[in-house]
Amino acid sequence: MFSSRLLFFSFVFAIFAPFSLALKHVPYLNVIGNAVKLVNNANRDQSNDDKFHDTLSYWKEIPGKLLNENENAADQYNVSEQCSFSLAALQLGLTQRETWALQIIDAIAKPEAGVLDGSLKWLGSYDECKRTSYHNESRSLDIKGKYSLLSIPIGASTNALSGSSVTALVIGVCLPDSCSPGDITALVHNNIGRIPFGNFSGLQFYVTSEEEDKPLTSNAVVAIVILSILALIVILGTAYDVIIVQWLRNIGSELQKHAEDEKIPLLNHNSKEVHMESESTYEKLLLSFSVYSNAKKILSTRKTSETLTALNGIRFLSISWVVLGHTFAFVLSNISNSGPFLKEMLGRRSFQAIANALVAVDSFFALSGFLLAYLTLKEMDKRNGKLNWAMFYFHRFWRLTPAYMLVLMTEATLSPYFADGPVYPPQGFEVDYCGKSWWKNLLYINNFFDSSEMCMAWSWYLSNDMQFFILSPLMLIPLYYHEIAGIIVCLVFLLGTTIAPGVLSTHYDMPPSLFTVGGSQDGIVDYFSKYYIKPWCRMGPYIIGIMFGYLLYKTKGKLRIHKVLNLLVWAVSATLACLVLYGLYDAMNGNPLSTNVSSLYNATDRTVWGACVCWVIYACATGNGGFVNTLLSWSAFGPLARLSYCLYLVHPVIMYAYYFSSRTPIYLTDFSAIYLFLGNIVLSFMVAFVSSLAFEAPMMGLEKVLLRKDKK
């Protein structure tokens, strides 16, 4: 938390900066003076409170802590003639109470209530500023409102999610559009000089002005062309499927069948016989893009005897859990009550399910390893141990990459044009449009590089999953040919992925989670980059999944467990899962774990969680799941589970677009959080459905056609 002296400075600065343009408004300045006196009196009255300091002492300390060394920074800037002329017109308009001038002043941010609760974004009225315009032909004046953000660093914060970050007071400024960022910088310096409590000309601050028109970049043009071509193919494929295949051919087939069934043919014997040609390769390629056929496959609730139906429920619940966790994580930087809200939430034991939602990703690692082992070993069994390993890798790469790259291309190049707003990033959601790092995503190695430059930061999961997949034959082949050798190899991998995070956690003194207290400053900063996204720290659940998948393959899903033993294993599994999920409550409420205990937790928690998830899958697959299997096997989960991959790709983009386009900070409550989550997940599923139809399903269809794969 920052001290009240920073709050006091912010209050005084935010009052003087906007209204120095209206110096003739003496009554308003008298009100400001009274407000300053109240603040001073408050400081003197609360001298025993360590949150307040003597005002004079505060101004003496400011230059050494918050300000630049350059005392004469204001003299280095000049306001342009055009901007000065517009400001003079603005001052004249204010004296004459003209609407456009009052709108500009009204749109400038004022000090917000709740600063002590974390309300540091004073955004003003973005839309009012953009709507403001004034035209005077006689004076050759054409003025429009231009919105800019003034960011004043007032401290630093450290957390395990983002590492070290700057805490800044953000103030929305509305000025005539003839004023450049340099002009605004000069005006800010000049206004700082008007504060009668000291010299603040060297204050560090940053001005960001919104571009009036955002021209399409070359990358955006290329992305639009690619998406347009893809959309055209989808339209053609859908039209061909609906008109030719589903309508005309079906009609012809029904007429032919009806004629053959008639004892007295209704059709003329001399009429041309309806000829049903088999689909050609080109036709199949086109039909791979059909929205009609692909939507039927995605929305199908049909089950087969070999389907592990409980997986659908686990997939849906896990991806919903991921979205829930991200709903809270992403919104924290855009709420006005972050301090009391987090304190209240972390004080609830029930909130641990959200604070520890990170293990939802480990559920997917466990699922991936389980399915891989079970399906691959079954395939090897059919082929007497022979498997085309080149196709093994190619299928995985083709299954994930096209949709991944298309979403990345769309998000990186077109996100600057998705929306606008006072805090909307002018260059979109990615650094340099991913121009320097996209190839790392393509090769699934972006988690090995600087996390601050990572494109689609949430894609670290995909890189880990692909890296685990590449290593999986080292465990699968021994498991198939020699059970003992395979188990030993798996245990060696498991031992390595247990020791590595423990050693790293001890060395860097890391906290056990994002929201817990404890650990060194360096350990908190390094938590994400050196532990959270590294494969040698995250492979535990995947290995456990492979071992359980092998167990299901060996037992062929027919292992019946004694009722008492089954209940005992369920109880142990539930207890361990609750310990992982809720065991950090005290550590999140002022009682940090020791370095050794934190290291033990970081070394084992994800593996233990993966084992609990795998037990649920195995129990349901072998008929030992009871009502849990009935719940997770609900047919409605099938279509939703098929969309989980695309939903993972797109849901942060949906959240970014909404949060960044917000005109005011959000005051977060239980109800608003629920509303945000439901809106995020429903809209994300809708976008994921479109993405799956356009990006994912067609590529899977192309693979079947080009490689002549048998229909599963």
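Note: Cβ is positioned from N, Cα and C throughout, glycine not excepted.
TrEMBL annotations: computationally assigned, not manually curated.
If you look up TrEMBL, you'll see 80-209 marked as domain 'Nose resistant-to-fluoxetine protein N-terminal'. Within the model, the domain 'Nose resistant-to-fluoxetine protein N-terminal' (80-209) shows a mean pLDDT value of 78, rounded to a whole number.
Among the features that TrEMBL reports, signal peptide is placed at 1-22.
The transmembrane segment annotation in TrEMBL covers 220-248 (among others).
What TrEMBL records for 313-333 (among others) is transmembrane segment. Only residues 6 or more beyond the boundaries of the transmembrane segment (313-333), in the same chain, are considered here, and those with a CB under 8 A from a CB of the stretch are 161, 342, 354, 357-358, 360-361, 363-364, 367, 458, 613, 616-617, 631-634, 637, 640-641, 644, 647-648, 651-652, 655-656, 659, 666, 668, 673, 676-677, 680-681, 684.
Annotation source TrEMBL lists transmembrane segment at 353-377 (among others). Residues 308, 311, 314-315, 318-319, 321-322, 324-325, 328, 345-346, 387, 392, 461, 464-465, 468-469, 472, 475-476, 479-480, 513-515, 532, 538-550, 552-553, 580-582, 584, 588, 605-606, 609-611, 613-614, 617 of the same chain sit 6 or more residues outside the transmembrane segment (353-377) yet have a Cβ under 8 Å from a Cβ within it.
Residues annotated as transmembrane segment in TrEMBL: 397-419 (among others).
For 458-477 (among others), the entry in TrEMBL reads transmembrane segment.
Tertiary proximity for the transmembrane segment (484-504) is limited to same-chain residues at least six positions away from its ends with a CB under 8 Å from its CB atoms, namely 471, 474-478, 510, 530-531, 534, 536-540, 543-544, 546-547, 550, 599-600, 602-604, 607. Taken from TrEMBL, the feature transmembrane segment applies to 484-504 (among others).
Under the heading transmembrane segment, TrEMBL lists 533-553 (among others).
The transmembrane segment annotation in TrEMBL covers 565-585 (among others). Panel annotation: around the transmembrane segment (565-585), residues 349, 352-353, 355-356, 359, 512-513, 516, 593, 601, 605, 608-609, 611-612, 615-616, 619, 624 of the same chain, lying at least six beyond its termini, place a Cβ under 8 Å from a Cβ of the stretch.
Nonlocal intrachain contacts for the transmembrane segment (608-628), taken as residues 6+ away from its ends with a CB within less than 8 angstroms of a stretch CB, comprise 308-311, 314, 359, 362-363, 365-367, 369-370, 540-542, 544-545, 547-548, 551-552, 555, 557-561, 566, 569-570, 573-574, 576-577, 579-581. Residues or ranges marked as transmembrane segment by TrEMBL: 608-628 (among others).
The transmembrane segment annotation in TrEMBL covers 640-661 (among others).
What TrEMBL lists as transmembrane segment is 673-695 (among others).
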Selected stretch (most C-beta pairs under 8 A with the transmembrane segment (673-695)) from 220-248, 397-419, 533-553: 397-419
Chain residues in Cβ proximity to the transmembrane segment (220-248) (below 8 Å; excluding those fewer than six residues from its ends, i.e. six or more beyond): 283, 286-293, 406, 409-410, 413-414, 416-417, 693-695, 698
